[in-house]
Each structure stands twice: as C-alpha cells, then as structure tokens.
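To keep things clear, I will list the structure first and then write my remarks on it.
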Amino acid sequence: MMRSSSSSSSSSSSSPSLSSSFFLSVLAVALGVQAVRWGEPSSSIMMVTAFTISTSSSSRLSVATSSLLAATATDSLMGPSKELLDLFNNQVTQEFIASQTYLSASIWFDSNDWEGMAAYMLAESDDERVHGLTFVDFANKRNIPLSLQTIPAPPSLTEWTTPEDVWQSILELEKSNTRSLLKLAEAANNCHDYAVLAFLNPFHMGQVNEEDKIGGILAKVRDENRTPGLLRSLDLVSGELGGQAGGGK
Ligand SMILES: [Fe+2]
C-alpha cells in the first residue's frame, strides 16, 4: 500500500512537470517558427531554449535546458519586395528608352551624313531592345508582374547641333542606365533574391564596357579640331563597330 501510495504520489507530482515541459517545448517551437516567418535579418540561425522542468524525489525543482535549432530565414520565405518589382518594371522601360534614344541618334547622324555613326547607333538601338526583351523573358519565368510604361520621346533632333552633343547625350544615357541597374541590384540584394542578382551580373559588366567605349569615342570627337580628318576616320570605325554590335550587354 505504502509503495503503491508513494508510486501514486510520485506519478501525480511528475504529471504537471511533464505537462509544463510539453507546453514550454511547443511554445518554443512556435516562437521559433514565428521568428523565421518574420524574417529577422539577424536570425538566420535561431537558437530557442526550451526549459524542461522536472521534479526530483525530494521535490526539488531542477531546470534543464534543451536547444532547438530553428530553420533559417531564407529568401524564399521573404520573396521579392515591392521595391524590387517596381524597379524591375522600371528597368524594362529604361532599356526601351535607351533603344529609342539610340534610334534618334542614328537618325541625326544619318541626316548629317555621318553614315558610320548612324550605323553604330542603329545597331546599339537593336541591342537595347534585346536587353528589354531579355528582362521581359526573365520576368515571365519568375512570374514577376510586368506593366509596360510610357516611353518618353527621345531627345529631339533639334537639341543636337554637333556630333559631340550626340555622343555626350549617349554617355549620359549609359550612366543613367548604370545607376538604374545598380539600384535594382541593391533592391534584389536587400531581399536576398540571388536569381535576380545573377541575372543582372552580365548587364553590370556590359555597362562598364559601354561607358568605357563611349567615353573613349567622346574624347576623340572632342579632339576633332586639333586633328583634321579624325572625325571622318572615326565615322568609318564607328560603322564597323556598328556592324559588330548585337547581343552584347
Ligand atoms: Fe541596355
């Protein structure tokens, strides 16, 4: 009887302990899952401590700890931010604006008898359109919602009076495109969208090459007054460069 009573007493005193332990463990798991859902940047690995309360035969409480390693707060849980989606849409527009601007430059050079530079600008216009379509293709694969925006009119032909004016506009256009791409990459980085970052990499390198190339041409165009005939030979080279364009980023 005594043993039975003691056993019964021990059993009844350990029941609340088991119940508390179970409750606290469930609470710890719930907190861990919730923390992951919130996507705390600093909680890529969350350590949640659950306390297990047990009762010794002398009714003395001892506290043991167990650790729960929660899942990581991954990018897939966070998803693309609204800023990223908006900037992606803007980049599509930016590429088509660039295409229109290059086309306008081609028309200006052609109408001023610079056929080589006209051919170069026309090829670049095609290239920029391909860039825009590449962004559209990627967006479709990733289910990024796209809404085409208004393309503002390119610089008017009357705004340019010399080849230098046109090349200067083109350099500014490329610098603006570089800034736009970097902003987009920053937004992708902020929400850990590594696929977008990987997609953008060739475009960043393309911008480095474009700015370097156009900066070099602009410097030579500015040298025209000191080097007779330079602009004509540059026109010839530009035509050849235009023939090689296409598909580059
Ligand atoms: Fe582009």
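In case you wondered, yes, glycine gets a Cβ from its N, Cα and C as well.
Nobody curates TrEMBL annotations by hand; they come from automatic prediction.
Per TrEMBL, the features are:
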- 1-35: signal peptide (SIGNAL)
- 78-225: domain 'Ferritin-like diiron' (DOMAIN)
- E95, E128, H131, E174, Q207: Fe cation binding site (BINDING)
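In the shown protein chains, 19 other C-beta atoms lie within 10 A of the C-beta of Q207 (Fe cation binding site). Secondary structure of the domain 'Ferritin-like diiron' (78-225), assigned with DSSP and counted as helix (H, G, I), strand (E, B) and coil, comes to 121 helix, 0 strand, 27 coil. Confidence annotation: the domain 'Ferritin-like diiron' (78-225) carries a mean pLDDT of 95 in the model. Under 8 Å, Cβ to Cβ, and six or more positions away along its own chain, E128 (Fe cation binding site) finds E95, F96, A98, S99, Y102.
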